[in-house]
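Beneath this line is the structure, given in C-alpha cells, with notes to follow.
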Amino acid sequence: MRVWIFFLFCLAGKTLAAPELEVGVNPVQVETGEFDEAIEVVEDVFAENPCQNHHCKKGKVCEVDESNQPMCVCQDPLTCLAPVGDFEHVCGTDNKTYESPCHFFATKCALEGTKKGHKLHLDYIGPCKYIAPCLENELNEFPLRMRDWLKNVLVTLYERDEDNNLLTEKQKLRVKKIFENEKRLQAGEHSLDLLALDFEKNYNMYIFPVHWQFGQLDQHPVDGFLSHTELAPLRAPLIPMEHCTTSFFEQCDADQDKYIALEEWANCFGIKEQDVDKDLVI
C-alpha cells in the first residue's frame, strides 16, 4: 500500500508548521510518480519477458505483440488494486473522484488523443469536494506562509542531515547561513503582520528557499519551467487544505503560457528581479 505524505499546512491566517520528516524523505516533491504523467516506470515482469526492460508511463502497461516485441498499452482500470481507504482517492480536474491514482491514469490513458483527455489532469489528493473561492486578501496571504514554511523545511533538513543524504553540500552551505543567523524567525505560529515584517527585515533568508523549491519541482525535464504535471506533487496535497493554491499558481503564470518560469515563480514569492539566479537552483 502506498502511503500518502501530506503537507502540514494550517488553516488560512496561520503559519505553516515545519513538518515531522523521516530521514531521506523529500518534504516537497512527494511521491512524484503518483502524479507525473510523463515519468516512465518499470513493470514487474519475469526476466525472460521482453517487457522486463521496457518502460511505460503511468496509465500504461507493457505487453508483447505477435512478433514478441514489447509495446505499451492502456491499463484496464479493473486491474488496479482496490483502494484500502478514502485516503487513496484522488480528484480529477473533471471534478470526478477516482478510487486511486492507478484508476485515474488508466482512465486518462483511454482518453488519449481526445479533447477531454488532453484537459484531464489529477487535481488533488482525496475525494472531490467543494473548494471555496479564493478572495484577493487570502491570495495575498498565501505566499507569506509558504515562504516561511519553505525556510523552516530547509532548516529542519539541515539539522537532521547526519548521513548527508537530505541536502547536497552546496545546499547545506546555503542553509547553514540561514540556520546560524540569530535574526532568524523560529518556526511556529506567527501573525501575518509578523511574517510580512520578517520578510522585509530578513529578505535575504528567503531567496534561497524559493529557488530551492523551484529546483525540487523542475525535474521532468529539467528545463527551467514548471509544467502542470511538475507542480502536481506540491499542489495536489495542498488544495484540500489551502483553497487559494490553484489561484496562486494561475497567478504565477503571468504570460498564461501554461508554464511557470523561474522568474515568474520568484516574482510570486516577492523575490526581486535582480535576485533571481539560476545558479541557486541547486
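Each Cβ is built from the backbone N, Cα and C atoms, and glycine gets one as well.
For C252, the disulfide partner named by TrEMBL from the candidate list C244, C268 is C268. Out of C62, C72, the record in TrEMBL bonds C51 through a disulfide to C62. Cα of C51 (disulfide bond) to Cα of C72 (disulfide bond): a span of 9 Å.
Burial estimate for the disulfide-bonded residues (C128, C134, C244, C252, C268): highest at C244, by number of other CB atoms within 10 Å. Only C62, from the disulfide-bonded residues C62, C91, C244, C252, C268, place their Cα within 10 Å of the Cα belonging to C74 (disulfide bond).
The separation of C128 (disulfide bond) from C80 (disulfide bond), Cα to Cα, is 20 Å.
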